[in-house]
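These notes concern the structure reproduced below.
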Amino acid sequence: LWHFLLVTAAWTLEAMHTMVMIFADREPAMWCPAGDGRCGDRCAGAAAGWEWEQGSGSSTVAEWGLVCDERYKVGLVQALFFAGSMIGAGVFGHLSDSFLGRKGTLHVVCFLNAIFGLLTALSPNYWVYMALRLLTGFSAGSVCLCAFVLATEPIGPSYRGVTGMSTCYFFSGGIAALAGIAAMCQSSWRLLYAVTSMPSLVFALVVMPFVSESPRWYLVRRRTDDAMRVLRNIASTNGRSIPDGVTLKLDDEDDINKKVEESSSILDVFRSRATRGRLVLSVFISFLCSAVYFGLSLNVVNLKLNLYISVVANCLAEMPGFLLTTVLLQRVGRKPLAIGSMILSGVFCTSAGLIAGVGALRVVRMACGMVGIFGMAATYNLLIVYTAELFPTTVRTAAMGCTAQASQMGAILAPLVVVLGEQVPFAVFGAFGIVGGLLVFCLPETMNKPLYDTMFGLEKGERAPKSGEEVISGNFEI
């Protein structure tokens, strides 16, 4: 529990680095000191007599005049951030599975986040700012990925689903905390970046030394002594002990000459018949889910509150979806829950697309959209748990990096769909949700299944008899 809390705190940091753009790139209100009707074109800004209510340093839009014809630059920065996240998820996912390890990779990306964030606060112009946001996305995009794997790999099947879903609260909590910080830094976007970057530096320097590497990663790297050292430390912390003479063995023990290094890249996922189809399906499902999740968040009816309260309200609205999924995860299973939540979202989004937005029907359509958000928020986080269980330790982070890249592509697509009007986006998101739910039918169930360590172990486990023989694979064998 202590290890889980320390590691998962990194999700809060990624939420700040990702969502800070909502506040730093906002368009503050303008006013005319000379009186109504006496200023010129608003697009001309100060040249026409207009002033920003909170000062020119309150946001990047105010400082660099990113309005009217220049407004596209705000969207460009956001798109490049997610593009950086897409690239970084693949790069650091591979490093996490190979020589750098889960802990080493998380340590590096948190440190890079802090450095890039602090440099962003010093950006002299828009182009430098854009480049630094791209670099921040490159490092930030894999924080949740590495933290999730590192936090959940030491946990057994009975608690894996519950703890996996519990990570979601840290991300939503990070966004809520960001809103509070942003409310206190309304006059300076540079100060906002500095304040939200410092926690990552503190985390890398103060927290990470107390975090242990995943014993599963040690094991697949044939570092059995290190894996046992971690397990003995865990046992000692819990007031227990592991008897002398006890050791660990991999689930590919029967093929001891197999080199682990050959099973630590995404190419090995495609070479294996057992994982190739899983990866392709996971990529498509993650893309569709992300497009709907972010699209509905952008397309939701304005709460008519200020920006900071609205962001907090959106965070709180996701919490019931996380809670319901956590409760049902061990009772219903990953597969039925993912199918049900995606199709639920798809059906209600489709219904919203068929409802005209006039009069009382607008309220009905809004309600359908909110149910769609509820269902897809549950699916979005469930897929993280599900995907981690579909692949063995040797390629787990690399495979999750691919699905994270697909998720980022969905995030980039979402705002492009939203601009198509009022009803069309709902229809598109409805189709995405239904198709995604149908694709989940093709994935295997992973509830109470072993968390395999190697490709060989997974393939052996999949070939094993379903009944009449107990298969103990993918868990530490004593």
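Numbering starts at 1 and runs along the chain as displayed.
Glycine is no exception: its Cβ is also placed from the backbone N, Cα and C atoms.
Annotations in TrEMBL come from automatic prediction, not curation.
Note that the coordinates shown come from a computational prediction; the quantities given were computed from them, not determined experimentally.
What TrEMBL records for this protein:
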type: SIGNAL; residues: 1-15; note: signal peptide
type: DOMAIN; residues: 3-448; note: domain 'Major facilitator superfamily (MFS) profile'
type: TRANSMEM; residues: 74-92; note: transmembrane segment
type: TRANSMEM; residues: 104-122; note: transmembrane segment
type: TRANSMEM; residues: 128-150; note: transmembrane segment
type: TRANSMEM; residues: 162-184; note: transmembrane segment
type: TRANSMEM; residues: 190-212; note: transmembrane segment
type: TRANSMEM; residues: 279-301; note: transmembrane segment
type: TRANSMEM; residues: 307-329; note: transmembrane segment
type: TRANSMEM; residues: 336-358; note: transmembrane segment
type: TRANSMEM; residues: 364-386; note: transmembrane segment
type: TRANSMEM; residues: 398-418; note: transmembrane segment
type: TRANSMEM; residues: 424-443; note: transmembrane segment
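Taking the domain 'Major facilitator superfamily (MFS) profile' (3-448) as a whole, pLDDT averages 82 in the prediction. Ranked by number of Cβ pairs under 8 Å to the transmembrane segment (74-92), the listed stretches 104-122, 307-329, 398-418, 424-443 are led by 398-418.
Counting C-beta pairs under 8 angstroms (sequence separation of 6 or more), the transmembrane segment (424-443) fails to reach the transmembrane segment (162-184), with fewer than 3 such pairs. Using a cut-off of 8 Å between Cβ atoms, the transmembrane segment (398-418) and the transmembrane segment (336-358) share fewer than three residue pairs, counting only pairs 6 or more apart in sequence. Contacts between the transmembrane segment (336-358) and the transmembrane segment (279-301): present, as 3 or more C-beta pairs lie under 8 angstroms, all at sequence separation of six or more. Sequence-distant contacts of the transmembrane segment (307-329), counting only residues of its own chain at least 6 positions beyond either end whose CB sits under 8 Å from a CB of the stretch, comprise 19, 22-23, 26, 161-162, 165-166, 168-169, 172-173, 175-176, 178-180, 182-183, 297, 300, 337, 341, 370, 373-375, 377-378, 381-382, 385, 447. Here the transmembrane segment (279-301) has Cβ contacts under 8 Å with residues 266, 269-270, 314, 338, 342, 345-346, 349, 362, 366, 369-370, 372-373, 376-377, 379-380, 383, 387, 390-391, 399, 402-411, 413-415, 417-418, 425-426, 428-429, 432-433, 435-436, 439-440, 442-443 of the same chain, all six or more residues outside its ends.
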